[in-house]
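See below for the structure under consideration.
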Amino acid sequence: MTMEDGVEYRYWTFDGDVPGRMIRVREGDTVEVEFSNNPSSTVPHNVDFHAATGQGGGAAATFTAPGRTSTFSFKALQPGLYIYHCAVAPVGMHIANGMYGLILVEPKEGLPKVDKEFYIVQGDFYTKGKKGAQGLQPFDMDKAVAEQPEYVVFNGHVGAIAGDNALKAKAGETVRMYVGNGGPNLVSSFHVIGEIFDKVYVEGGKLINENVQSTIVPAGGSAIVEFKVDIPGSYTLVDHSIFRAFNKGALGQLKVEGAENPEIMTQKLSDTAYAGNGAAPAASAPAASAPAASAPAKSDY
């Protein structure tokens with residue numbers, strides 16, 4: 001499978017995709033799992049469901065040798081958005097190669113309706129060659145242990161949700177993003193440039209924060225973010241540990257169509273010569289008292 005143009009990587013996957021499919025159930029449901037390990041596999045695999053209460057999240061019950069199928073069930077007791085991942089030793093290696101996904105346990109009454117929903121999972125990848133090195137790149141355990149990834153990406157590879165694969169919405173719609181972090185090592189600072197999250201279900205649980213600029217998504221964790229897209233444009237999704245975005249691949253796009261709304265934001269209104277003398281952009285707002293602040297007299301760059 002392709003990591004980026006000219007770079008191939010031998011992923012380990014659930015059902016051939018990174019992340020694995022998103023599973024959606026309701027609080028109180030009994031979830032029946034049938035887990036098969038392809039005969040061509042060279043190692044056993046299993047699933048640890050963070051949504052499951054019990055030994056290993058089902059890891060022991062689903063431990064499956066190549067060419068075998070295992071079954072078990074669990075009751076979804078607590079609503080939330082949870083990671084699932086392979087937990088066969090060495091656990092980090094299985095996760096680092098792509099064996100993770102999300103399971104949503106909706107509350108009994110369901111989640112409020114929104115216009116669009118998107119599924120996004122970040123992961124860090126450890127290739128023998130540096131980022132961009134061509135050809136098939138093997139996994140590098142030393143880099144993984146040192147927590148020095150060559151790639152940090154959304155949905156398994158560079159550009160998975162950008163360009164022709166960009167997420168799409170219309171101005172005025174409310175979108176919900178189910179955001180996970182497979183890790184195995186890095187904590188994500190998830191941010192959408194040009195938007196403010198109206199709601200964040202913190203770490204995928206019941207606590208809701210409002211008017212959030214960026215939200216932390218721990219390795220092996222998740223968050224649900226919701227916001228209304230008011231004006232058209234291309235909104236960039238990033239891990240705001242920003243070198244990961246622009247140098248390692250953690251970039252996505254939400255393309256929004258619709259009519260301009262200059263009451264919220266205009267296009268550029270002027271472009272004039274620099275005035276010098278430490279001039280800075282002037283901004284006007286409703287009158288309000290604020291403490292005076294001192295600053296350097298001049299700023300020339």
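Including glycine, each Cβ sits where the backbone N, Cα and C put it.
Among the features that TrEMBL reports, Cu cation binding site is placed at HIS45, HIS50, HIS85, CYS86, HIS94, MET99, HIS240. The Cβ of CYS86 (Cu cation binding site) lies under 8 Å from the Cβ of TRP12, PHE14, HIS45, ASN46, VAL47, ASP48, HIS94, ILE95, MET99, TYR100, each on the same chain and at least six residues away in sequence.
Here TrEMBL flags 279-301 as compositional bias 'Low complexity'.
Taken from TrEMBL, the feature domain 'Plastocyanin-like' covers 2-109.
Marked as region 'Disordered' by TrEMBL: 278-301.
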Measure from the Cβ of MET99 (Cu cation binding site) and count the other Cβ atoms within 10 Å, all protein chains considered.
26
Residues near HIS240 (Cu cation binding site) in space but at least six apart in sequence (CB under 8 A):
SER189, PHE190, HIS191, SER214
What's the most sparsely packed of the binding-site residues HIS45, HIS50, HIS85, HIS94, counting other C-beta atoms within 10 A?
HIS50
From the DSSP assignment alone, can you count helix, strand and coil residues within the domain 'Plastocyanin-like' (2-109)?
14 helix, 43 strand, 51 coil
